[in-house]
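Scroll down for the structure; my scribbles are underneath it.
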Amino acid sequence: MVILRYYDVQAHSAAEEESVLRRLREEDGAVVSVRMERCYHLEYSAQAEHSLALDELLVWLVKQPLSKGQSLSRQPALQSTGSSQLLLEIGPRFNFSTPYSTNCVNIFQNLGYSEVRRMETSTRYLVTFGEGSKAPEAARFVPLLGDRMTQCLYTEENTPKASFDEQLPERQANWHFVPVLEEGRAALERINQELGLAFNDYDLDYYHDLFAKELGRNPTTVELFDCAQSNSEHSRHWFFRGRMVIDGVEQPKSLIRMIMDTQAHTNPNNTIKFSDNSSAMVGFDHQTIVPSSVVAPGAVRLQSVQSDLIFTAETHNMPTAVAPFSGATTGTGGRLRDVQGVGRGGVPIAGTAGYCVGALHIPGYKQPYEPLDFKYPATFAPPLQVLIEASNGASDYGNKFGEPVISGFALSYGLNSAADASQRDEYVKPIMFSGGLGTMPATMREKLPPARGQLLAKIGGPVYRIGVGGGAASSVEIQGSGDAELDFNAVQRGDAEMENKLNRVVRACLDLGEQNPILAIHDQGAGGNGNVLKELVEPGFAGAVIFSKEFQLGDPTITALELWGAEYQENNAILCNADQRELLEKICRRERCPISFVGVVTGDGRVTLLEKPAPKDLEQALNASNRSEVSPFDLELKYVLGDMPKRTYDLKREQTPLKELSLPKGLLLDEALERVLSLVAVGSKRFLTNKVDRCVGGLIAQQQCVGPLQAPLADYALTTVSHFSHSGIATSIGTQPLKGLLDPAAMARMCVAEALSNLVFVKISELADVKCSGNWMWAAKLPGEGARMFDACKELCQILEELHIAIDGGKDSLSMAAKVGGETIKSPGTLVISTYAPCPDVRLKVTPDLKGPGAGSKTSLLWINLENSARLGGSALAQAYAQQGKDTPNLTRSDVLGKAFAVTQSLLGDGLIQAGHDVSDGGLLVCVLEMAIGGLSGLRVDLSEPLAKLKNFDKSVEKLNRPELAVLFAEECGWVVEVLDTDLERVRSTYEKAGVPNYYLGVTEGFGLDSRVVLKNGKSELLDQPLRVLYKKWERTSYELEKLQANPECAEAEYNSLEYRQAPQYRGPQNVQAELTLKRSSAPVRVAVLREEGVNSEREMMACLLRANFEVHDVTMSDLLQGTASVSQYRGLIFPGGFSYADTLGSAKGWAANILHNPRLLPQFEAFKRRQDVFSLGICNGCQLMTLIGFVGSAKSEVGADPDVALLHNKSQRFECRWATVKIPSNRSIMLGSMKDLVLGCWVAHGEGRFAFRDEKLISHLQSEQLVTLQYVDDVGKPTELYPLNPNGSPQGIAGLCSSDGRHLALMPHPERCSSMYQWPYVPSSFEVSPTQSESPWQIMFNNAYNWCVKSNQ
């Protein structure tokens, strides 16, 4: 092998260098400056001649668009010149081929350069210190600049010379027998420590007896490792299934039995519950897009199907604590595969996410309630890093895979208990929560049982030494105290591009309907291959023989133990008939997804791993296992997965000392409010929503953001099941961990109350159809905690029974504690309730943003308070004053909640509610303030009525004679609704007749940031401030976090925009229906939706084209490269959005290379560009492609030619998702020309969307020739470069271009994701929409393209 190195000192922006400089200065104040340089390491076969063509291709791929001169060099530009400078280089570990390398190699191999084996990048840093300062050792800065798990320091001695394999460690011992027969239990104890198996005394006794007495032989290290994973708490849930003895009394039911029994009191609409990777319920009949072929290019069609609705949720806490970004990416990926792994295959639609971390200690933003002396485990990331990087990881994975994140929660908590200062409550071990919605064909609900002769196949990425022992590591009762290397080995790394390919394979199989070759499917998670392959053959204890040489290895040094136990990601295992092998291989080849047929079902009840290839003949494979042959794993399934004895847990209740909340005398309301608003749980979550795609897939009817300025306030999330249906899935979340510190039982009831209070504002089928996932994160095996969790679970099941709803799934994480020094810190016991329910019509909903003032209507506010109480225990107010309180809110009147839910649903269906929001974190005052923020509206609230009617006030405010504080900040179950004054009496009467307490709060008045929020108690004024002042206080913590994760200039610009923003003004067509009129054609108009690997937006594009009467064909780049399709066959060529090759080497670079550098494809595209009867459309990634191949702008399409137009990184230096306002100027486009002067909202979701041009003359030329087709505009419709109105910094707001003849159109925004009105997150009251209008004005552009094709035929 040979490695060539290329250096680029221009690869990093000034903003990136500034960000690194800030981090280094926090570590060492003597740092003056930092320069960065990228090094590309290209490894290729020594037998292959290094061609000039390969060199030129590499230069073209890595060269920055529009860069002047040649920045790439064979020699490094940065050199250390003295003792005050430090030069260090950080790159990937040699034995870990990164996803970046995988994508690079794919690009080269698709272009015929099969000799390229690997391509990695390292970063060189030249750090300069102040005069007189001596540079420290490089090791000091490595943790700040690199990822310990995947990267290492490169030095002269530690740099790959000719191959990344040359410095691999010597092959580790493959596996061996453990001498249990000779040494007894002591041998198990020793291997338990060496391998980090997390065996407790019970396990050690059990496995000693199994091997020494039952089997009479020594176990192998692979077998013991397998048992540790397969039978860990993480996998087996021993605690939830165990016998509970509390204070000497055995409880009649286990935790899991109590939970499962909730199903007896609800509608029986579950189709899957407690028995698969996800849960499911009866869904809807609808039409969906199905391809005519999944192995070749062809037309897609609409097909009627019945879909079940899927939900799943899990956490990924320990990996996220150790490595936040990687832990969150793989947590997201694992949950996605849980959706894929339901029945015979499921399809993900959208995700939810949640984060619970310790005290943040944001630099320069000190909070009085955050203790300053807290320490953290050396192997854990600090809370601030966890919150930023974990949310980055989950967002990045979803963005690249193509799953929007549309709901969630965030909490930062770390306090010394007010009642006992020695008790520290903090999320030292954090929570990373991931939930997901999806659908599954109703005919695919049941996995088929394994039968002799069937094949076991692995679909997805190759085997890596990652996630080794994660199931056991996650089951250790107290983390942070063990071997650091074992902690890091247990963490995985994610590859969203591979997950996308894997998902396409599963979906393709489902598209075959009854011919689906997948008989059963499971996702690979804890326990790796050993667990997932056994799961496939567990039914009936069928058994299988597995051949280790059939697995694709990503690391040549993988041992048998690692192959069997590593939890490497992006991998599913399937069961199929032998005669379906060829079909599956064809599907995977077309989708470029690896597949390995690794085993065969034997029917003998054993699972055997053989270290050899599989025989070609099926009968030989069935009989391949020779019992005299030594193998690393050979056990009967009954010993590993059979019913094992229940474990008994002897628990004791411990009384928690509680102390009454003590608020300062003379407390000012605005001071208390400002503190409360600064809490992560209460304030804006914009730092989360800005960076995550919330619209990809085109099925989103409600995501987090609402109102004119898209404030992240939504109470629920909502998706449709298809682009051709208004039926959908609603979901909401309830979690109240701080109340659980005081009263776990009350906390459980309040979790359900919050979840339903969030769900109430979308019209669902009925309450008894609601099902819940219950996720428990608790240090349950530590003293007192198990009993507390039991009490919470018992109360949870009671309230679910009372409400006639049920749990149908969930997960537990019972090792929520960490060792800090000699102290064990328990994370607050946390329950997350996620509801999901059928929604017959997603258009029947309301959001929190006030509507009246913006519409010029007079409206009033009603408070639905179910308990007639105002208690402050466990509240945001208590946390803001570094306390917990004593008397916590509770829901004792569940019957009233049921009635209130039913009444509100009825009023919603009758159109009598304008807006609604639940009272939760922060209490009533925050609730109404958020409604005002969402609607850019003022309000005038009078507390006279609630103060007169409420019965139970928190004792802390009684002492101060300040009952209004309890009314305003108590987090009792309830919600606030906005109603028209003309409907007020009817609405109040409806609630009162049902016995639901409701209090009149006041009126809305004033529109815009200058409006005022006025709060009174009779004639006594409590608060009177401009909305803009309170809005900025609500946004402040999010702003501080934004500065740490994006370009600080952009963060500041957005924060300061709250001084001048107003509701955006739209201008629609005079007659939408007339504009949507389609011409008649005697022949079909055929268009190709062309997708490269990593594209994720083709289905929403297909839906728009199908509505426009096109004959839509699904065509992959593989089809073009193999010659099974040609672009000459189509009248339209469509390039959808996504992340082709995960944006490796730059957005659309790899995609463009496959066109420009392929001698067969380039002439096809050049000919298509010249034809006068065809058109093309590229959106987002497709837009980036069109600039590179010369379809728009004045770029040439010759090989290697630099474009004159390029899409560069957003000014914010990160991915941006926004509902932006855009204007269509006068333009030549055949699609947008008729829409000139329209001003509309449109989804934007990209990381590299900033248009750049060769020079100013080109911009002037494009504008004068009317080739600019779309511009970002401000709130009054003028083109803007101001962030965030312009989300990427494009000059003059340019967001789209067309060719000089108007036939080729490239847009960065996503009109295909808002072509239906239900997809719009905000519609101004002045924007007239017919009640029967389902299509939005954006559909016009697709219809225009069809009409142009028909006209050009005539």
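Cβ from N, Cα, C; glycine included.
Of the residues proposed, ASP895, ASP910, ASP918, the one Swiss-Prot records at the same Mg(2+) site as ASP715, GLU754, ASN758 is ASP918. Taking each of the binding-site residues THR330, SER407, ASN758 in turn and counting other Cβ atoms within 10 Å of its Cβ gives the largest count for THR330.
The secondary structure of SER407 (ATP binding site), as reduced to three states from DSSP, is extended strand. Using CA atoms as reference points, the binding-site residues GLY333, LEU336, SER407, GLU754, ASP918 were checked against HIS1310 (active site), and the closest is SER407.
Annotated Mg(2+) site ASP715, GLU754, ASN758, ASP918; additional same-chain residues within 8 Å of its Cβ mean position, judged by their own Cβ, are TYR716, SER732, ILE733, GLY734, ALA755, LEU756, SER757, LEU759, VAL760, HIS917, SER920, TRP975. Rounded to the nearest whole angstrom, the C-alpha distance between ASP918 (Mg(2+) binding site) and ALA714 (ATP binding site) is 10.
As a whole-number mean, the pLDDT of the domain 'Glutamine amidotransferase type-1' (1087-1337) in this prediction is 95.
In sequence order, SER732, SER757, ASN758, LEU759, PHE761, THR847, PRO848, GLY916, HIS917, ASP918 are the residues near ASP715 (Mg(2+) binding site), counting only same-chain partners six or more apart with C-beta under 8 A. Put simply, of the recorded positions GLU754, CYS1180, GLU1312, the one whose Cα is nearest the Cα of THR330 (ATP binding site) is CYS1180. Burial estimate for the recorded positions (LEU336, ALA714, CYS1180): highest at CYS1180, by number of other CB atoms within 10 Å. DSSP assigns GLY333 (ATP binding site) to a helical segment in the three-state reduction.
Counting only the Cα atoms, the space from GLY327 (ATP binding site) to GLU754 (Mg(2+) binding site) is about 28 angstrom. Within the same chain, the residues at least 6 positions away from GLU754 (Mg(2+) binding site) whose Cβ sits under 8 Å from its Cβ are ILE733, GLY734, THR735, GLN736, ILE833, ASP918, SER920, CYS973, listed in sequence order.
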